[in-house]
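Copied over from Swiss-Prot:
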ACT_SITE  Tyr235  active site, proton donor
BINDING   48-53, 74-75, 111-112, 139-140, Lys244, 273-275  NAD(+) binding site
BINDING   Tyr225  substrate binding site
SITE      Glu75  site 'Plays an important role in discriminating NADH against NADPH'
Amino acid sequence: MIIKPRVRGFICVTTHPAGCAASVREQIAYVARRGPIERGPKKVLVIGASTGYGLAARIAAAFGAGAATLGVFFERAPADAKPGTAGWYNSAAFHDEAAARGLQATSINGDAFSDEIKHKTIDAIRRDLGQVDLVVYSVAAPRRTHPKTGVTHQSTLKPIGHAVRLRGIDTDNEAIKETLLQPATPDEIADTVAVMGGEDWRMWIDALDAAGVLADGAKTTAFTYLGEQVTHDIYWNGSIGEAKKDLDRTVLALRGKLAARGGDARVSVLKAVVTQASSAIPMMPLYLSLLFKVMKARGTHEGCIEQVDGLLRDSLYGAQPHVDAEGRLRADRLELDPAVQTRVLELWDQVTDDNLYTLTDFAGYKAEFLRLFGFGIDGVDYDAPVEPNVRIPNLIE
């Protein structure tokens, strides 16, 4: 079938298998150009492995360090001529490329928050890997059903204590709009922490440790975004910020647990990129469009694979890791360059409907958004029929 993009709000409801595969190959090629990751991991579990930063981590570990990988994700398979999700096709392509290079790859499709998937993961590690020496936690989900209580918690994107008015882009109409966000209630804050805080990461590490499948010297990292002044009302001072602070508290306990056996636990702070999650946040399309404009002009623009490949080489397995005062690994230094942030702030209130395409790189933002779903990738013939029914080898469901 011929598949074209169909966008509704912040979601593209179609995906292109060949485009997703080409995107994965592009990321693999980037890692290969940079050469082997010295002293890198050899047996890696990535929780949230099918898109964005999690996929990039799996690619960097496998094709940069030669690691065997186990990926956990929650994706929809193709069915009845209806395409699957982008993460499904990304993972299928990853498996194909790994097999072609003799790299061990196993994937598990299911709810990472559940005890069932944790147990399946432990069984798979015992069978295929024995133990893992790196656990990457890269889960972005709007809700979580707690495995012990059965309660489903919904995350909320709201400020705390006062309403906040945000500038943004109505991406459907390509117009500047303002959104008034009301403050979160105590229950909404608690629910957001339950979904996006550190509890599930801790549950994973506790379960893996108790099962004896964490190697001596094992490391774990959870990915997060903090941002700067223009995004702080939402990302640090809001409901999501409370979840990020919970992550910072959680990592201290995990670090103590792993350090006893020569390991480490760190929160890794990555730069703002276009993801399905970030595109749903009212201010982020405008911020990202401005950030792209400024960073591309300076030659410092990076996407997921550049960020995570650099994180592994420079910090997780580098001799001189970039660590902030709170002990987090920082890969977002170029975004937070004062010259970059000053220029973004200067342009922030100047953007109008008329100059959207000149003051910002909204065109680049839209292109990156479509790339998430396999569209706009060089070398792909989008007028040619493509087979949507793609299977993932070594998949556990």
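Along the chain as shown, residues are numbered 1 onward.
Heads up, the Cβ atoms here are built off N, Cα and C, so glycines get one too.
The secondary structure of Val139 (NAD(+) binding site), as reduced to three states from DSSP, is coil rather than helix or strand.
Look at Val274 (NAD(+) binding site): DSSP puts it in coil. Calculated from their C-alpha atoms, the gap between Asp111 (NAD(+) binding site) and Glu75 (site 'Plays an important role in discriminating NADH against NADPH') amounts to 9 Å. Summarising the environment of Lys244 (NAD(+) binding site), the number of other Cβ atoms within 10 Å of its Cβ, over all protein chains shown, is 22.
Counting only residues at least six positions away in the same chain, the Cβ atoms of Tyr235, Val269, Leu270, Lys271, Ala272, Ser278, Asp332 sit under 8 Å from the Cβ of Tyr225 (substrate binding site). Secondary structure at Gly48 (NAD(+) binding site), as computed by DSSP, is coil.
Checked against Glu75 (site 'Plays an important role in discriminating NADH against NADPH'), the binding-site residues Ser50, Gly52, Val139, Val274 differ in C-alpha distance, with Ser50 being the nearest.
Ranked by Cβ neighbours within 10 A across all protein chains shown, the binding-site residues Val139, Val274 are led by Val274.
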